[in-house]
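If you look up TrEMBL, you'll see 356-366, 942-953 marked as compositional bias 'Basic and acidic residues'. Taken from TrEMBL, the feature compositional bias 'Polar residues' covers 930-941. Among the features that TrEMBL reports, domain 'WDHD1 first WD40' is placed at 25-307. Residues annotated as domain 'WDHD1/CFT4 second beta-propeller' in TrEMBL: 429-710. What TrEMBL records for 719-821 is domain 'WDHD1/CFT4 helical bundle'. Here TrEMBL flags 340-373, 396-435, 906-965 as region 'Disordered'. According to TrEMBL, the feature repeat 'WD' maps to 60-101, 144-185, 236-277.
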Amino acid sequence: MKVRSLKLREAHKATSSNGRPSFCSVLWDQQAYHVVTASSADPTIAIHDSLLPSSPPKLLQHHRDGVTALALSPNSTCLASGSEDHSVKLYKFPGGEFQTNITRFTLPIRALAFNKSGTLLAAAGDDEGIKLINTVDGSISRVLKGHKGSVTGLAFDPHSEYLASIDSTGTVIYWELQSGTTLHTLKGIAPNSGFDRSIMNVLSWSPDGNKLAVPGLRNDVVVYDRDTAETLFSLRGDHTQPICFLAWSPNGKYMATSGLDMQVLIWDVDQKQDIDRHKFDERICCLAWKPIGNALAVIDCTGKYGVWESVTPSSMKSPTEDVPNQKLNNSNGLLLFDEEEGEELSTSGSLSDLGEDSHGESEPPSRKRLHKHSAYDNDLEEDGFDDLSLLPKVESHKKARRKHSESVDNGKEGVSSKLTSVRPKMQGSFQPGATPLQPGKRRFLCYNMLGAITTIEHDGFSHIEIDFHDTSRGPRVPSMNDHFGFTMASLNENGSVFANPSKGEKNMSTLMYRPFRSWANNSEWSMRLEGEEVKVVALGTAWVAAITSLNFLRIFTDGGLQRHVLSLDGPVVTASGFMDELAIVTHASECLPSDEQMLEYRVLNITNGSQPLRGRLPLTPGSHLTWFGFSEEGQLSSYDSKGVLRVFTSQYGGSWLPLFSASKEKSDENYWVVGLNASKLFCIVCKSPDLYPQVIPKPVLTPLNFSFPLASSDLGADALENEFMLNNMHLVQVQKQIEVAGAGLDTTSLDDEAFNTETAQDRCILKLIASCCNGDKLVRATELVKLLSLEKSVRGAIKLVTVLKLPNLAERFNNILEERLLNESKRALETTFPNSNCNASLITNDIAPSKTIFSTKQSKLPGNDIPLSSSKLSAPIFTKKAKTQEAKVGIEKTEEKQPAMAADLGKVKTTEGKNGAKVNNAGDMKRVGETSQAQSPAPSNDQEKVKKAEVTRRASNPFMKKLIK
C-alpha cells in the first residue's frame, strides 16, 4: 500500500504548560465552508475559511483555559465548546458571537455532543456525570450517572432513542433517553487511557443508527449492535498500536481511524478492509469527514491541522453518495440561534431526547423505532383520551429491528414514521373527572364534587346513570340508554350535558343537554355538528359550552339557544364551568424540546361577555395537566401529572400558589383529583400502578390537607409556618370577596369570617414568636409581631417574651405597639378633623397620660429583678377593634375569642407582683375597652369625638379599614 504525505499547518500552540502533548479537536460545518479547531493547550477557538485557507482564522477567546471539546449543531447555527476551566459555552455560528455559559462542572470538560435535532446538548468530563442540556432554555433536562472514570466520548444515535458514552477505563454505556436508565454496560471493551488527557477514548454511531463503533483492545475497531449490544464484527488491519480516534463517512460505507502509531487508515466497512493509509509525524487526535466531497480534516497533538483530499479512490463510491435519511439533517431545534426570521421551532427528536414521556412515567421503556397504534389505542383516542403513554407498550428488541428494516425498505414511508415517532407530543384534550374506556367495564364520564355520571356499553348501545353524592342536593335522575356513544359529560345542579366524537359518513358529532328541572315538557335538546368534533364540554349557570376540533367555542343557553361562537387561539386541552365563569385551557405553542407543555388559560364571564383572566398555565417540568376546575368557592385550580396542585390568587398581579404536592405523600399511591374547597383537596386514592378509579366498588373521597412546599425551617416549626401561609392566603381571598361584593351590600358574614381568620392567624403568629424565642431567632420574632392584627395579640406577645425573660425584646415590642397606636391616632384625627391644625396637640394629649401612668408602675417577675418596659402603652384607639353593641350584638363573642387565642401558648402561671396586682399569662389578657378605661385618664371632649368617629367608621373586619359602615 502506498504511504502518502500531507503537509499540516499550525493552528494552535504545540504543547500544554506541563510540556505534554495536547488533545486537539477539528470539525466541519454542514456546508463545508468552515473548519473549526481547538486545543487543550490553548484557550482560543479558531474558525478557518475552507475556501480561503491562506486567510487568517477568526479567533474566539472566551475561555480562561484550554478548550478540550467542540460540538456543532446539525444545522450549523450553534457552536458549543468545553474547557479545562469547567465551563460549557455557546456561540453563534459562523459569526462566533458569544451567547451564554450554558453550564458549569466542578472538573474539566472532556466531551460534547448534539442530538440529531440540536435540541439537546450532552456534556461530560472528569465529573463522571453526563448532563443533558436543553439548548432552547438552557435548563438541565437530566443528569446520567454510571461511569467510574472520566467520560471521554459521547454520541447520540441518529434515531434519538439512545445515548452512548465511553470513559477512560474503556467502559461503554448505552443510555435510554426516554427513561434515563442504563440499557447496556460493556465494561473494559476499549483501551484504558489512564491519566493521559491527550488520548481520549471515543465512539461513533453509524449514520443509519444500526451500529456503534468502539476502539478495541487488539488495535482494532469493534462494531456493536444498536439494540442488543452484541458484537457484529471488527476491523483489524495495519495499526500496530491502539486506535485513539475513529469517524464514519457521511454515507456509512467508510471509516477513518487514527492510532497511537501515528497512522490514519481508511476502511471499506462492507469489505472489512483498509483501502488506504497515511503516516504522520505526530499522533492524529481528531478526524472529521467533509460533509460535501471526498476529503478528511485531521489535526495532530501539536495543534497542526490539514485537509486530506481524495481520501477514497475515484473508482469507488464517494463518501457522501447515498447518505441515509438526509432530510433529517435539516431539522433545527435551536430557537436561540435561528437566523431565518419566521422559522419555526422544529420539534423532531425532542420527545425521546429529553427522556420523559409527555404524559408521565407510567409507560415502561419501549425501544421500538416505529410506534404503531393498536385498535385499543384508537378507541381511547375516540374517547377524547390521548394519554396513550399511560398504557403499557412493551416490545422486544428483535421485533423493533424488524420494523426498522421494513421502514427503511419502504423509503419515504419509513422516514415519515421516524419523524412522527420522535416528535414531542402535545397533550390531547380531556374531560375533567372522566376515566378512559375499559371494554366490558363501567367507567366515569364525569365525577365531581356534586355527583357522578357513569356509562357501560351493552348490546350496541350504552347505559348511562347519574348519581349525586348527597341525594338531598340533587333530584333522582332516571338512567337513560345512549345510542350516540357519548364519551364525555359535565354535571351541575341544573342539568347534564353529553357529547360524542365524530361518527358516520358525515363525520358528525352530537351535543345533548338534559335539564333536571323544567316548567316545560320536552326541555331536553341536542345539536349536530357536521365535520366538527366536540372535544370538551362545560356547564354553568344558564349556559352550556362546547369546544370543538375547529377551535370553536360554542355557547348555548340552557334552553338550547345558540348565543355565541368564538374562535380560540389554539387546540383545546380542557375546560370547566362555575356559575357565570368558563375557564378554558388551550395550547399556546408547540411543546418545548424539554417536553414541557406550553398551555394557556383564559376565564370568560358568560353573563357580561368579558374576560377577567388570561395567562400561561404553570406546570411542573416534564408533566402534563390531569385536572382543571374551580374550588367550591370559585378559585381556579389545576393539578398536574407530577402531583402538584396549584390555586390561582390575585396577589402579585395574578399568581398560582402550589398548595399540595403528592411527592410528600405515600409513594405507592396515586391521587385522582375530584375537587377542593377552601381548606381541603378531595381525591380518590388509587394504589400504584392504577391511575384511575373503578366505578365498582364505589370509590371513596379522601380529603387531604393543603401544604405549601416549604423549605425545612431552622425552627422545626414547619406545621406552624404552613398554617401561617394558609391563613394569609385565606385572608386575601376573603378580602377579595368583600371588595367584589361592593358598597351597599351586606358583608357581615364575610366580615366575621375575616375577623375569625385574623384571630386564628394571630394565634399562629404568637406560637411562631414563642418558637423564635426558644430558637434564639429574635429578629424573626420582631418581624412576626409586626404582623399581628389585634392590639390584645401584641400585648400578649409582650407578656410572652417578658415571661421568657427577654426584656430587650419586650421593649422592642412595646416600641412597635406605641408606634402603631400613634399612627392610628393620627389617622383617626385626620379623618375627624381634616382641616384642623391641632392634630398634633390632640395626639400628644391623648398619648402622654398613658405614658406617664405606665412609667410609674413597673411590674417585676418573682425572683427576677428585670422590670417590664416602662414605655408600655395602652391607647383607646388601635388598628383592630370589636364591634360596639350599638353596631352589632356580637361583641361578647368577639371578646371571648381573644383570651382563648393567646391561652394556647404556654399556660404561664399567674404570679403576684410587689404591688399586689397579678401578672397574668398570655391567655388572661383584659379586654381592650376595660384596659383603656382603667389605665387612661378621663378623655377630653376632642378625644370623645375621636372615639365616636372611630366607632362609627371602623368595620369589624380588621382588613376593611377603608369601608365605612
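From the backbone N, Cα and C atoms, a Cβ is placed for every residue, glycine too.
Across the repeat 'WD' (236-277), DSSP helix (H, G, I), strand (E, B) and coil residues number 0 helix, 23 strand, 19 coil. Under 8 Å from some Cβ of the repeat 'WD' (236-277) lie the Cβ atoms of residues 1-4, 191, 199-208, 213, 215-221, 283-289, 291, 296, 298, 308, 311-313, 316-324, all in the same chain and six or more residues away from its ends. When averaged over the domain 'WDHD1 first WD40' (25-307), pLDDT in the model lands at 92. Assigned with DSSP, the residues of the domain 'WDHD1/CFT4 helical bundle' (719-821) fall into helix, strand and coil as follows: 86 helix, 0 strand, 17 coil. With DSSP states grouped into helix (H, G, I), strand (E, B) and coil, the repeat 'WD' (144-185) comes out at 0 helix, 24 strand, 18 coil. For the repeat 'WD' (60-101), the DSSP-based tally of helix, strand and coil residues reads 0 helix, 23 strand, 19 coil.
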